[in-house]
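I have a structure I would like to understand better, so I am pasting it below and will then ask my questions one at a time.
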Amino acid sequence: MMVIVLDNSNIRVVVGMSGGVDSSVTALLLKQQGYDVVGVFMKNWDDTDENGVCTATTDYEDVAKVASEIGIPYYSINFEKEYWDRVFQYFLDEYKAGRTPNPDVMCNKEIKFKAFLDYADQLNADYIAMGHYAQVKTDENGIVHMLRGADGNKDQTYFLSQLSQDQLKKSLFPIGHLQKPEVRKIAEAAGLATAKKKDSTGICFIGERNFKQFLSTYLPAQPGKMMTVDGVEMGTHDGLMYYTIGQRQGLGIGGNSDNSEPWFVVGKDLDKNILYVGQGFDNPALMATSLSASNLNWTTGQAPAEGTHMTAKFRYRQRDTGVTLHYHDDGTATVDFDVPVRAITPGQAVVFYDGDECLGGGTIDAAYAHTNELQYV
C-alpha cells in the first residue's frame with residue numbers, strides 16, 4: 001500500500017498563542033504536521049490584576065518557552081486600541097443599555113479573526129490557528145462548514161458564530177477533534193511548559209477579576225428600587241448593570257413564612273431604574289416562548305429558509321432547544337421555541353445548529369411569552 005505524505009512545509013500557519021495549553025498544543029501539532037509555523041502573542045489589554053501582577057508578562061514568557069520547545073519563531077503584537085474600539089466600547093454600551101453583552105463573540109469576530117488575521121497576512125500567512133475547540137469541513141463547492149468540537153464540554157462554536165466564510169477559509173482548528181484531557185496528555189508527553197497550566201476564565205482577554213468593581217471603574221452605578229412584578233418594594237439594587245436575568249446571588253432577599261423559595265432577577269426597567277425580582281427558579285416572568293434577534297450572521301454565507309426548524313443555544317454550554325426561524329424585512333428575526341426557555345437575556349448570543357453544524361447566530365434583543373414582551377430591559 002502506498003502512503004502519501006503531504007508536504008506542508010510551504011504552507012505558513014500563524015498561531016495565536018495565549019500562553020495556555022490549548023494554543024500551545026495547536027502550535028505543536030501543526031509543527032508535527034510539517035507546516036511552517038509562526039507563533040504570535042496578542043496583548044489586548046493593560047492587564048495588571050488585582051494583586052498588581054501583569055498577567056500578560058507571565059503569559060508571554062510561557063509563549064516564549066513553548067515556542068522554544070517546539071522550535072518555532074514567535075512575535076508579540078499589541079491590539080489594545082483595536083480591542084478598546086471594537087470590543088470594549090461595545091461591552092460598555094451594552095451595559096449602559098441594561099443588556100448583558102457577550103464580549104467573547106465580538107472578540108473572536110473583531111480581534112482574533114480580524115485584526116489578528118490582518119496582521120498574519122503581513123507575515124504571509126496561508127492560515128491562522130488558535131486553541132479553539134471547533135472543527136471545519138469543506139464541501140465540494142468550496143464552502144466551509146463549522147462543526148462542534150468533539151469535546152462537548154469544551155465546544156466553542158457558540159463563541160465563533162459570528163465568523164464569516166472569508167474568516168473560516170483562512171482558519172485551522174487542530175485540536176477540534178480532541179478531548180481536553182487528550183490535549184493535556186499531548187502537552188505533557190512533549191514536555192511543554194504549559195502542560196499543567198490552568199485554563200483561563202472570565203471576560204475575553206480581561207480575565208478573572210472582581211467584575212462589579214471592574215465595571216464600576218468605567219460606568220457610574222445608579223442604585224434604585226428592587227420590586228416584585230406586582231409592585232411590592234423589596235429593597236434597593238446597586239445598579240442595573242450589575243444584574244443579569246435569572247441571577248440569584250447578591251440580591252440580599254430571603255424567603256418568607258409563606259414562601260421559602262429563593263429570589264431571582266426577573267426583569268429590568270431601564271427608564272425607571274427598577275430591578276424586578278420574583279420567587280422560584282421557574283418563575284413565570286422568567287419563562288419565554290420566543291425571542292427577537294438582530295445582527296444575524298450565517299457562517300456559510302447562506303441564510304436558512306424561512307420557517308426552518310433547527311436547534312439553538314441561548315447561553316454557552318446550554319442544552320440545545322428546538323426552534324423555528326421567521327425573518328422580518330428589517331433584517332431581524334423571530335425565533336419560536338419548541339418548549340418554554342428560562343432566562344432569555346437581551347445582549348447575549350443566540351446560536352443556531354443543524355445537528356453538529358453551527359449555522360451562525362445573532363444578538364438577542366427581546367424575549368416574549370406568547371407574543372407579550374417580557375420586561376427585560
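We count from 1, first residue shown onward.
From the backbone N, Cα and C atoms, a Cβ is placed for every residue, glycine too.
From a predicted model like this one, the values you see are computed outputs, not experimental measurements.
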Quick one: which of Gly71, Gly98, Gly131 does Swiss-Prot put in the ATP site with Gly16, Met17, Ser18, Gly19, Gly20, Val21, Asp22, Ser23, Met42?
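Same ATP site in Swiss-Prot: Gly131.
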Cβ atoms within 10 Å, counted per site: which of Gly16, Gly20 has the most, among these binding-site residues?
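Compared across Gly16, Gly20, the most Cβ atoms within 10 Å surround Gly16.
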Fill in the CA-CA distance, Cys107 (active site, nucleophile) to Asp22 (ATP binding site), as an integer in Å.
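That comes out at 18 Å between the alpha carbons.
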Could you find out if DSSP has Ser18 (ATP binding site) as helix, strand or coil?
coil
Whole number in angstrom, please: the longest C-alpha to C-alpha distance across Gly16, Met17, Ser18, Gly19, Gly20, Val21, Asp22, Ser23, Met42, Gly131 for ATP.
15
Can you count the other CB atoms that lie within 10 A of the CB of Asp22 (ATP binding site)?
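So the number of other Cβ atoms within 10 Å of Asp22 (ATP binding site) is 25.
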